[in-house]
């Protein structure tokens, strides 16, 4: 489901993929329509196909191999006209993965990854950079609204070229990008009483990450403030602390209902922390990542014209 709003900007409705809040947006190329995870961690775009699909889908221009946490993706560098939200991007290069590690992508409900990071981390021009070069949008920004209702049919909205004021309250608070690779910003503290990320830490804003991640030692301190963070007594959620992020001098609080995942099943509800330890190697280390847990609470704008990221309370 795609609609056009805000003049010539494009809007893609995001569908909920799992309780961990992954999202997917509809795309088309010369192939049948497929869905992709919009990811501000990656710059290149990847479509997951099987070896038998390649003769009927895309035009190959070379090969590629890419390391991911689960192993390596490999396949062809292919080219086609890509369409999203009514925008046409002819001759777009992307990775067509025909070999993938284990069962990483077998059970996902999306067919690929739409890379939306800066071009410096890719040998292929990202889709959004091609859109910018063709001057297809009134302004070179994109914005995300992620629906916090796990039962909602529509999981959110991605807008290319604008914002949707219906989905946020108050003024947007902007901070500059500190490194034009990922969407990386500076955070000046995590947790009012925990003294984490002091005096500052580098942080990636990533729509392709479900959780909030940070260096293992700091996440250990944070989890010590959350009793039994692995398996939490769901009835204790209201008594847990508010965890705030100081971004550009403004506090962005997460209530326990925001950072505790409550999984409902046939038996009693199971509650777990959505903070995860992740130690990244150089040159990126150490980094925090604000994933979908944060973006669900705060409408997020990625501004390539001014190289900045904006946040406002989502509604």
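Yeah, the Cβs are placed from backbone N, Cα and C, and that goes for glycine too.
Worth saying up front: this structure is predicted, and the values here are computed from it rather than measured.
Per TrEMBL, disulfide bond is recorded for 197-201 (among others). For residue 197 (disulfide bond), the count of additional Cβ atoms within 10 Å of its Cβ stands at 22 [all protein chains shown].
In this view, residue 234 (disulfide bond) is surrounded by 16 other Cβ atoms within 10 Å of its Cβ, with every protein chain counted. Positions annotated as disulfide bond by TrEMBL: 234-271 (among others).
Annotated domain 'Peptidase A1' per TrEMBL: 1-312, in sequence order.
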For this session: Summarise the model's confidence over the domain 'Peptidase A1' (1-312) as a mean pLDDT value.
Result: 80
Exercise. Should residue 201 (disulfide bond) be counted as helix, strand, or coil on the basis of DSSP?
Worked result: strand
For this session: Give the distance between the Cα atoms of residue 197 (disulfide bond) and residue 271 (disulfide bond), rounded to the nearest whole Å.
Result: 26
Exercise. Taking the Cβ of residue 201 (disulfide bond) as reference, which residues of that chain separated by at least 6 in sequence fall under 8 Å from it?
Worked result: 186, 187, 190, 286, 287, 288
